[in-house]
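Participant: Could you have a look at this structure, given as structure tokens, before my questions?
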């Protein structure tokens, strides 16, 4: 029966073979099966020789039971780390030696002195048997003590488990001791083994033996991430785990028995302000008065009332010399320190909103940042009592809160950043020239937000729109309202951006033109959350557009009418003579002047409506050539043979021949440079009398390029020069032409423009910055030259030149 129960127990235990203590228990059950089976066969076999063999066979099970019991006690009580290859090798020596002695009994009488009778009842034991018995009882006793100590500190479930196991193992050994050490000669061990197997089975079914395996409290405490320190009533260290060692000035083995205030690394610790997360002193300050005050605060924490529970948060500097003196236990304690993992925190990115991409990138950088070398701990010192009545000592738990503190600081910085960006956003919105608004829908009567600019544009304060007293859509001009709202509704429904220009009526019943740009904001479910947009006052733009249309119409009409006047004056002059002809010629010239002014007005309007050209490299000779072609087209009869061009100094590239206009010299300018030069040349022609002479000189040096235009006319009138120099006109002082204004607007952003005028003529100097990024000619590179050309143009060149500018 005992053998059968042993096999049943082995089968039931096999399914828990990976649990602590399962494999040693299988070894114990196997030993019981061999012991009980051998005893049973020896008792029923009538042959003496076979009985002796079965009797010897039982000694293969007895040492196995002893070894299994001892190993089971080690693993079951949490001392599995003791079970290693070296320990197993030493423990295997005795069972192997017993087998050798038992099976070689015929050659000696060391184990049995006499087995001539019934070996189960009449065997006389030798010295090695008693050594074996003492060794076996010793291991059984050690295992029993381990389990008894575990019982004293175990919970009820584990305590009942262990008691059942101890009863099961004690029964056969108790029966065996009665047989060996008392006059009672009946060996009841086989019967006791059967009872033991039944006790094991009862333990397995009743308490889930091998299903619920206890874990030793020492193992749990040693493997805790939190440091634990047990103090007596005098503040001396009684026990500790490995996680607390980084806070000590000594190793784990040297700390027991010492005072906590002398062993704790107080010089490396700084109390934290739990509200601001700042330290009371700078780590770089050293052990000055502030650090001594910190140490005093920590000593007061440890020296407080032993019956009260208290907590303090500290920051610990990296270990210095103390870490060098720590033993191997201190080195291994780092394994218990929690690993910093940015992705493992419960922190999440803040709710996404305004400035989402910038904020998300800031958060990602913050959360991926490594924590500081200094670590933060929450120290909790609490009393503990024996039997819940007698104060026994204090328990210090040091929880590593480095990651939490690090994240708290990160979140504080991010909160400050969010607040700053929010203020910036508010400032940006309030300083926009238009109305920023948010509506629940396109036709909603009230706004959830309206910026302060509403009052400047509409005459109504933002609170009137937010309260619903006024609505944005009711301000739309009656003739425009239906069409505007329909365009906005259609755009929002299609998930598109709307851009509508319409009229509104302000608080003074005046009319304003506005441009309304916005879009709908939808939720993840596709529902419309709000409509946001900005309304810009474009009244001035509309008025400017109207003036431009009027200007264009007037110029067109004036040009047509003046062409008619000029034509009739020319026809009449051919049919008259004397003063009448002279008067008609004056009418003809004035007509041409009015037509030129109309053309310049067109150019001015184009310049005012066109953004300034990009600063880039422009060939000054190319611009001059284009200007001369146009000048020849407009005033060829007056300038042919009277214009000379001279090139001096360093050029980017020099062309073959004597034509300076084919050279290359680049300056900082824009695409309108040729037009600006043309206006200067035309001014010389217009104010140069009947036969002006114009000398143009281009001089290049290392950094600048000078364009010099000299004419021999009467010079620019003082009124024209004064207006240009002052940069403005007044009703009493204004210029009669616009050519100089055009040249100044085009050239002054890139060059210095000066005028010198006297009775002998006018000198205009334009000084450009040289453009150095232009690639040089591969053969000549930057070269010096002097070339002069008198401007001759054929009639074919005139036509070509007119199209170039």
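Cβ atoms here come from the backbone N, Cα and C positions, even for glycine.
All annotation found in TrEMBL is predicted automatically rather than curated by experts.
Just lifted these from TrEMBL, have a look:
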| type | residues | note |
| --- | --- | --- |
| TRANSMEM | 25-44 | transmembrane segment |
| TRANSMEM | 56-76 | transmembrane segment |
| TRANSMEM | 88-108 | transmembrane segment |
| TRANSMEM | 128-153 | transmembrane segment |
| TRANSMEM | 162-182 | transmembrane segment |
| DOMAIN | 220-259 | domain 'PAS' |
| COMPBIAS | 357-368 | compositional bias 'Basic and acidic residues' |
| COILED | 404-431 | coiled coil |
| DOMAIN | 421-495 | domain 'PAS' |
| DOMAIN | 498-550 | domain 'PAC' |
Participant: Return the average pLDDT for the coiled coil (404-431) as a whole number.
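Facilitator: Looking only at the coiled coil (404-431), pLDDT averages out to 88.
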Participant: Within the domain 'PAS' (220-259), how many residues are helix, strand or coil going by DSSP?
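Facilitator: For that range the per-state counts are 13 helix, 13 strand, 14 coil.
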Participant: Taking residues 6+ outside the transmembrane segment (56-76), which of them lie with a CB under 8 Å of any CB in it?
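Facilitator: For the transmembrane segment (56-76), the sequence-distant neighbours (Cβ-Cβ under 8 Å, at least 6 residues beyond its ends) are 20-21, 23-39, 41-42, 82-83, 91-92, 94-95, 98-99, 102-103, 105, 132, 135-136, 139-140, 142-144, 146-147, 150, 162, 169, 172, 213-214.
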Participant: Excluding the flanking five residues on each side, which residues at least 6 beyond the ends of the transmembrane segment (88-108) place their CB within less than 8 Å of a CB in that stretch?
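Facilitator: Same-chain contacts beyond the ends: 56, 59-60, 62-64, 66-67, 70-71, 115, 128, 132, 135.
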Participant: Per DSSP, what is the residue tally for the domain 'PAC' (498-550) in helix, strand and coil?
Facilitator: 12 helix, 30 strand, 11 coil
Participant: Take the domain 'PAS' (421-495) and count its residues per DSSP category (helix H/G/I, strand E/B, coil), listing them in that order.
Facilitator: 41 helix, 8 strand, 26 coil
